[in-house]
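**Q** Per Swiss-Prot, the features are:
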BINDING   Gly8, Asn9, Pro10, Asn11, Val12, Gly13, Lys14, Thr15  GTP 1 binding site
BINDING   Gly33, Val34, Thr35, Val36, Glu37  GTP 2 binding site
BINDING   Asp52, Leu53, Pro54, Gly55  GTP 3 binding site
BINDING   Asn112, Met113, Ile114, Asp115, Val141, Ala142, Arg143  GTP binding site
DOMAIN    1-161  domain 'FeoB-type G'
TRANSMEM  281-301  transmembrane segment
TRANSMEM  342-362  transmembrane segment
TRANSMEM  382-402  transmembrane segment
TRANSMEM  425-445  transmembrane segment
TRANSMEM  452-472  transmembrane segment
TRANSMEM  516-536  transmembrane segment
TRANSMEM  544-564  transmembrane segment
TRANSMEM  567-587  transmembrane segment
TRANSMEM  608-628  transmembrane segment
TRANSMEM  637-657  transmembrane segment
Amino acid sequence: MENYCILGNPNVGKTSLFNALTGSYEYIGNWSGVTVEKKVGKLKENVGQLIDLPGTYDLSPISKDETVVTDYLLNDSFSGIINIVDASQLKRNMQLTVQLLELNQPIYIGLNMIDVATKRGIKIDYHKLMKKLKTPIFPVVARTGKGTKHLLGEIKHLGEGYQPHFKINYGEKIEETIKNMCQIIMTETSHDKYQARFIAIQFLLNNMQIANELNSEVVNKLSSLRDQVDKQVEAVSVRREMERIRNHYIETLLQDVVTYPDEDKQYFSSRIDKILTHKYIGMPIFLAIMWLIFQTTFTWIGTPLSDQLDAFIGGTFTDSVKTIMNYLGVIPFLQDLITDGIIAGVGSVLVFVPQIVVLFFFISLLEDSGYMARIAVLMDRIMESFGLSGKSFIPMIIGFGCNVPSIMAARSIENEKERLTTILIAPFMSCSARLPVYALFVGIFFKENQSLVVLSLYVLGIIMAFLVSTVLTKTILKNDNAIFIVELPTYRVPSIKTLWRSTWEKAKGFVRKAGTFIFGGSVVIWLLSYVGPHGINVNINQSFLHMVGSFFGMLVQPLGFGTWQAGATLVPGFLAKEVIVSSMAIIYSSGDAGLVNVIQNQFTPLSAYAFMIFILLYIPCVSTVAAIRKETYSWKWTALAVVYPLVTAYVLTFIFYQIGHLFV
């Protein structure tokens, strides 16, 4: 099967094009740093495989995710490259395009965001550009799919009759050095003359990953040649001279290809940015937007729908299943397992799907509109005080959906200590798995202020992440503040198709989790409540679950929720935070009173909020722990990521409850 890779700058629509060409769905967002690892999809019409590589401005990697690109181009086998560029930022995008052309591999250029360029009054004669580069160019609008069908039909012809032809003349002295380097590379390695020239150029540009691919003897020889030509060029260094020549080439190339308008048509966008990123009013606007989202999720739309679903699952559906099982003569043990274990456990989580869908819809809307990137800029000013940059806030925002991709997104951070700090604090972000716990308790104890209470938990998670990062960056992970540079994407009206796909995929993942982790956890919890030291079908107060819960309940007694039932729910919470709710449903369904009534009797508003604080901050779920181990390559950091949140959760919850208990 033929392999093709898709490359481009961050936030030019690579993943949108990947989805359009493969029919799959990968997470997309109107901001940079969404793709942090290689993703593979099967092209439609069985054309081959498409590899989506992380966005990069240059083939000299400065962050962990960018090393994936250079490593793939040097070491993997592929039939051709699809370089997607932003038509509204063509000059800047051509920096990477030129480097890819210097590979002298079959390449197509996808001219994306033609619609954005047109709205700005930018005119591009892509036919003329195609003739100049001798490379096929396809205008597309990846987010709507316009032009992608034509591109898909042509991909199978990529490379047919291809002849290497691209070459920039870097001047006599540098070209002589490149020639000498090529001879060394071809003699000492298996690279052909085109690969050798590419390697030589990248070596002169101080691409350290290229140097790492070569043996020390070759590196020493090439370094000697680079040092010699460094002294010969008039510029500060050979790298600066080559960059100057390359920039001149691009300017000449685009001179009669791109026509810009006389006046700036982004004036309105700039005015909005001055308000949304204002150092005084920007943050209140963000908090107001988040309050509005939570108000819609928990009061206006989400909760009423969840109540209807809860009534259906707990009533009509459960009664129907019982009737069918009685008719079929299913043994009592299985009947109890299915109704009191599986339906009660999984159903108690599924009832929150409407709220999850509403929340995901609005988060996707903020992402696709371009607003989230502005929040990263806004937070950069604040995060400097805590030893981080705005680039760390991007993974943190992703953590509102799930902590696992947020930890992986930290690859885009160049500074290794800042990357590690971000990984360690990311689990404090309120992921969707915690949302059912919040929804259950705020619906019982804080009906009049549900949105404010949930917002306070999200804000608390961010504050605790900042405080911990301050400690880490001043002690074991001390580092200099990094400069945060981010490209603010164009504001755009969110695509209904994109919003639907994004919301659907996230909700589907939540439901899929209910069918795996939560299903398994519910079965185990029910069995532990069914079996005890004295046999099976015992009273729950004599079960193994009661024994485990009593031990942990004793430990959390000072936190305000020291019942054995609450203690028993904390252990499976390590598997997945949603299992906490399913465990409660199973444990409390063993009695005659309903879940809501029992929780009202065992918790107070104070202890309920304390419980939510503990759930917010304590041990990350097993998937998150696995992601931390994968990204840090260290059991030491992984152990720290498990232990310190538990200690933090215990101490903060203790302080909150004990002080609150003095006044309530």
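Cβ atoms are placed via backbone N, Cα and C, with glycine included.
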**Q** Applying the under-8 angstroms CB criterion, which one of 281-301, 452-472, 544-564, 637-657 scores highest with the transmembrane segment (382-402)?
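**A** Top-ranked stretch among 281-301, 452-472, 544-564, 637-657: 452-472.
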**Q** Return only the integer: C-alpha distance in Å from Val141 (GTP binding site) to Thr15 (GTP 1 binding site).
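**A** It is 12 Å, counting Cα to Cα.
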**Q** So of all those binding-site residues, Pro10, Asn11, Gly13, Leu53, Gly55, which one's Cα sits nearest to Ala142 (GTP binding site)?
**A** Gly13
**Q** Sort the binding-site residues Val12, Glu37, Gly55 by C-alpha distance from Asn112 (GTP binding site) and give me just the closest.
**A** Val12
**Q** Just to be sure I understand the packing, how many Cβ atoms besides its own are within 10 Å of the Cβ of Ala142 (GTP binding site)?
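**A** The Cβ of Ala142 (GTP binding site) has 24 Cβ neighbours within 10 Å.
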**Q** Which binding-site residues from the set Glu37, Met113, Ile114, Asp115 come within 10 angstroms of Thr15 (GTP 1 binding site), judged by C-alpha positions?
**A** none
**Q** Cα-Cα separation of Asp52 (GTP 3 binding site) and Lys14 (GTP 1 binding site), in Å?
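**A** Asp52 (GTP 3 binding site) and Lys14 (GTP 1 binding site) have their Cα atoms 7 Å apart.
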**Q** Under a three-state reduction of DSSP output, how is Asp115 (GTP binding site) classified: helix, strand, or coil?
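**A** It is helical.
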**Q** Can you count the other CB atoms that lie within 10 A of the CB of Pro10 (GTP 1 binding site)?
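**A** Around Pro10 (GTP 1 binding site), other Cβ atoms within 10 Å: 21.
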**Q** Could you say which of the binding-site residues Asp52, Asp115 has its Cβ with the most other Cβ atoms inside 10 Å?
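**A** Within the set of binding-site residues, the most crowded position is Asp52.
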